[in-house]
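Undergrad: Swiss-Prot feature annotations, pasted as is:
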BINDING   Ala238, Ile239, Thr240, Gly241, Ser242, Gly243, Lys244, Thr245  ATP binding site
COMPBIAS  644-659  compositional bias 'Polar residues'
DOMAIN    225-399  domain 'Helicase ATP-binding'
DOMAIN    429-573  domain 'Helicase C-terminal'
REGION    1-179  region 'Disordered'
REGION    639-802  region 'Disordered'
MOTIF     347-350  motif 'DEAD box'
Amino acid sequence: MDADFRFDPDGSDDDGAAASAAAGRRKPAQSPWEFSSYAESVAAEHARRRTTSIDEKISQALSGSRRGGKPSIPDGDSEGDEDDSEVEDDSEEDDKEVVEGEIDDEEDEVEESEDDDEGVEVSDEEVEELEEGKGEEKSDEVEEGEEGQDGEEEEKEEGDEEAAEEEEETDKKSGVVDPSKFFASSEGASFHANSFLELNLSRPLLRACEALGYQKPTPIQAACIPLALTGRDICGSAITGSGKTAAFSLPVLERLLFRPKRVPAIRVLILTPTRELAAQVHSMIEKLAQFTDIRCCLIVGGLSTKVQEVALRSMPDIVVATPGRIIDHLRNSLSVGLEDLAILILDEADRLLELGFSAEIQELIRMCPRRRQTMLFSATMTEEINELVTLSLNKPVRLEADPSLKRPATLTEEVVRIRRAREANQEAVLLALCLKTFKDKVIIFSGTKHSAHRLKIIFGLSGMKAAELHGNLTQAQRLEALELFKKQEVDFLIATDVAARGIDIVGVRTVINFSCPRDARTYLHRVGRTARAGREGYAVTFVTDDDRSLLKAIAKKAGSQLKSRIVAEKPVAECAKLIEELEDQISTIIQEEREERILRKAEMEATKAENMIAHKDEIYSRPKRTWFATEKEKKLLAKAAKESTSQGKSNSGVISAQQAEDLRLKEKKRREREKNLPRKKRRRLEAEREMLEDESEDEEEAKESKGGKKEKKGQSLVDVAYRRAKSMKASGKRGAGTGKGKNDKKAKQHSGKGPTRQEEMQELFQNDMSEWKQGRSLKKNNVMRKKSKNSFKSKSRYNRRK
């Protein structure tokens, strides 16, 4: 035990703060994230696959370019480019124009420039037009954030317990939840604490907080830790970077210190949406539990299943997992279960539902004991989150430390306007910005995996140290990229939205949105990677002309914080020329990777065939791996999600797989019922259905003609059959001499509107039927068809009809 550590609960807050500051000066704080163990496995992975890393390919290309003459890279510290960047606040001036400026290479901070020697003006007119323009649209994210705060501090009415339970059950069935009835009162929860000593934590955890450099709890930690220690269910929401991981980790570790140690069991399950976030939470818990005997294991996809199975059989106290892999182990691994689970934690719950894990979450909740503590944490609260809360939590306490869409005050947000003429040079704009202004500790968010990989190659060939993080990499490569960026061995981390949630890397100065995020919520989580825990940070977003609506929504929420950054033409032109010269090397590297991928796939197939021959009996003797949903159910769920997305439904309109199955069975029963009808009724129903479809088509065509929109559409089989029958009827009339001549046809066209399509369909339908089926009211040669005398029941009826 550290002799310098002092436990002095009776001392003043100032003395404790001074002591902790002195301890911090004596010993550097540890980093909570450790991914170094995966770096060695990446080298072994490449050796096993007989492939080379992208960095080796880039170094080979650079060595070849040196022999053949290397393209000139723009210097970021040239004297002629001083004072090239100009930035102004949106609230400074009105009625200006955004004009391309130049980049400031002397300071990383954005300042206002008063030098107008080159005739460059800085303007935010587009931002103001979007704020005050016609037809403004309110952002859904703001409305959701405001709705999520309603009923936050209402107290639950006391009454008969049985009646309350019945009301809750009916609410759950109907999907309507009254916050005042469902959530417990948050009275007594305090969002302020001077030190961790006030939170009733044990000495080992206080030592761990001291080693990590934690001196004062954040608001969500101060409110969550005391309530979690009492075993209450919690629904927590706070801004990104507010310390949610430590908010649920510390009370969990405190409770596990007093567990029955004679019986090992899995007592805590933590679910995260991504593998990187799971690895980060696992590393954080190991750092906080370094002075205890609590064991924790990581269960995510992309890593060895056998190693994870052995770890689960050893019954660790805490399991940090992604939903799919933990369900796989619970169903297919022996001696692995959640019978003794005491705490279930859902981290980044909104992201879990966005990625389609709702069915997996419900299955895990079903497998967990009912008498458990459940904690749910999310940066934003949506309707789907509220539905999940009603299913998994029991009288939870809702804690909202900050507004869900509030960004840190230390964050400086900027916009780089990409004109339509410069969209082809967007990579050059990014390269110029990174060469001159933002040179280290930068996360660049790309929209696609292909774009992120291409940017990695461009940065490498330009002599800039960068790492990539996206779904095309193996899990070891993804974690190695995080470790390299954390150790500052690379200056840039080029990632997709995989890194947009929960990833907390100390010291990130800048976030660049190379591709504009899909909505304001995604923007919030991206820029939340910087300016964390009170530090300063910059967020730069590239906005094209097609992203004006999103820029308007961001500007409305950001207010005067949003600034306009101007990038000069000269450095962009130099970088565009450089990228053009590097295109041959980029295509060569991509071709090498493609060939390696094809070769590796062929080797895998050959190895698989050899193993099937050599170990045939062992392979076929293994039990088949099962899943909680069948292939049919998974297809139905995917189809329902696709239909709801294509129809543009809201979150409340998304149907489940069971509902989709019910609709399919209902349609099947209707078809069977129609099949058993008499032929006459069945044909009548079919004719009515065709008429309704024709009427709807006519209405759509009329609307399109009114709106002036004409689209070329192919003809369906029904239309072809209809036109064919119509032409055959017309030719038959002409053959019989009853058809109209050409002059009559032209006269009819000029005289007025002809019969509608519905009338023509009725006429065709009646002509196909016999006279008997057309009904008694049909006339032939203006004479009613007479019935025979034998068809009447009595002579009096025959006389009356006579």
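One-based numbering along the chain as shown.
Each Cβ is built from the backbone N, Cα and C atoms, and glycine gets one as well.
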Undergrad: Provide the three-state secondary structure of Thr245 (ATP binding site) computed with DSSP.
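TA: In three-state terms, Thr245 (ATP binding site) counts as helix.
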Undergrad: So what's the mean pLDDT when you look at the motif 'DEAD box' (347-350)?
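TA: The answer is 87, the mean pLDDT of the model over that range.
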Undergrad: Same chain only, please: residues at least 6 beyond the ends of the motif 'DEAD box' (347-350) with a C-beta under 8 Å from a C-beta of the stretch. Say none if there are none.
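TA: The answer is 244-245, 248, 270-273, 277, 281, 376-382, 384-385, 388, 501-502.
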Undergrad: So for Gly241 (ATP binding site), how many other CB atoms are inside 10 Å of its CB?
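TA: If we count other Cβ atoms within 10 Å of Gly241 (ATP binding site), we arrive at 23.
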Undergrad: State the three-class DSSP label for Ala238 (ATP binding site), counting H, G and I as helix, E and B as strand, and everything else as coil.
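TA: Once the DSSP labels are grouped into three classes, Ala238 (ATP binding site) ends up as coil.
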Undergrad: Near the Cβ of Ile239 (ATP binding site), how many other Cβ atoms are there if near means within 10 Å?
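TA: Result for Ile239 (ATP binding site): 23 neighbouring Cβ atoms inside 10 Å.
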Undergrad: Mind tallying the domain 'Helicase C-terminal' (429-573) by DSSP state, helix then strand then coil?
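TA: Counting residues by DSSP class gives 66 helix, 28 strand, 51 coil.
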Undergrad: Provide the number of Cβ atoms within 10 Å of the Cβ of Ser242 (ATP binding site), excluding the reference atom itself.
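TA: There are 22 of them.
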Undergrad: With a 10 Å radius around each C-beta, find which of these binding-site residues (Gly243, Lys244, Thr245) has the fewest other C-beta atoms nearby.
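TA: So among Gly243, Lys244, Thr245, the binding-site residues given, the one with the fewest Cβ atoms within 10 Å is Gly243.
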